[in-house]
Amino acid sequence: MAIKVEHELHKRRLDRNIGVGLLLIGFVVIVLILTVVKVQGLGDIREMERFDHVARPALEQAAGTSQEEGTQ
Amino acid sequence: MTDVTQQTGTYEARMGDYFALMKPRVMQLVVFTALVGLLVAPVPVHPFIGFVGILCIAVGAGASGALNMWWDADIDAVMKRTQSRPIPSGRVQPGEALGIGLALSGFSVILLALATNLLAAGLLAFTIFFYAVIYSMWLKRSTPQNIVIGGAAGAFPPMVGWAVATGGIAPESVLMFALIFMWTPPHFWALALFVKSDYGNADVPMLTETHGRRVTRNHILGYTIALVPVALGIAFTSIGGPVYLAVALLLNGWFLKGAVDIWRRDDADSEADQHAVEKRVFKISLYYLFGHFGALLVEAVLRTNGLGGW
């Protein structure tokens, strides 16, 4: 007797694979929307640049301007 | 041999079997109380961040449920009530439950830290640790006060919800914790009085078995009396108000009367009417918790509309 092509085991595996797939898609969507919400919540987008250690002229310029404003 | 299941030797779980590991019914209570904790907090949260916060708390609670099922698989196999759980019934392997529990614990705590703040994530991590290690691995099999101290694990969610919104701990969030903490023993022991359990066969020291049902009835009354000032006290904090106070007075009177009724009975009375009073008090205890947290939610809605509060 040949092995059945569609065994109940295959249904369970399909059920699980679809479940894991949907969870992964859900996770990606959550991280995407969370990123958008977090970035929008920053207000000044230049805040983002402070997370790395590369020289950022825009930031230095902004700091210089605020210092000048402070001395006046 | 033509059967694939026979060839592999083990059952392959469906998605629903893994979901059952996460104790979805317990998760409902966790989600509700955490949501109230978040919504009554004085700091508004972006709806999506709030959603992710609640999702993380729910997943964290589910993860601790999976770890509990992994650890308790031996006693679950002995007791009738738990024999159909995924591990004792053979639908999920113990190693899978451990893996899922650990992975989801890490996932939920890290995502909560990234989405909200470190305090909320730390509280969630502690809640998972408390339920899986302090309660499941230590207290449950060693003391009849297991559910008293272990009840703290179920009491943390509103504190975590509050921390998601405010990034801190406040008297209000501690009182919400205390409300669930004090409510758990009478709720659970009322159930223990009418459910025919076989904890004795599994060597789990439940109060009804170690100290008898008379002592359990005394404990229910004692804890219910101690619960009343906590529940009423919340009415006079920033999250309370007249609506909450009215609901709390009603529910506490009802629950207290039920506890007195249980205390005045003995097992002969209980057997005679098939535990009617114990069943009624257990039901009241459910209304009690949902009623209090529902009233807090109503107060929060009223406050946002310029009403509510004192």
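Quick reminder: no glycine exception, Cβ is built from N, Cα and C everywhere.
Some features that TrEMBL has for this protein:
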TRANSMEM  B:26-43  transmembrane segment
TRANSMEM  B:49-71  transmembrane segment
TRANSMEM  B:92-112  transmembrane segment
TRANSMEM  B:118-135  transmembrane segment
TRANSMEM  B:147-169  transmembrane segment
TRANSMEM  B:175-195  transmembrane segment
TRANSMEM  B:220-237  transmembrane segment
TRANSMEM  B:243-263  transmembrane segment
TRANSMEM  B:284-302  transmembrane segment
What stretch in B:49-71, B:147-169, B:175-195, B:243-263 has the biggest tally of Cβ pairs under 8 Å against the transmembrane segment (B:220-237)?
B:243-263
Can you tell me which recorded stretch out of B:26-43, B:92-112, B:147-169, B:175-195, B:243-263 has the most Cβ pairs within less than 8 Å of the transmembrane segment (B:49-71)?
B:92-112
Grab the same-chain neighbours of the transmembrane segment (B:147-169) for me: Cβ-Cβ under 8 Å, and only residues 6 or more beyond its ends, written as numbers and ranges.
26, 29-31, 33-45, 49-50, 53-54, 57, 61, 64, 112, 116-117, 119-120, 123-124, 126-127, 130-131, 134-135, 139-140, 176-181, 184-185, 188-189, 206, 223, 293
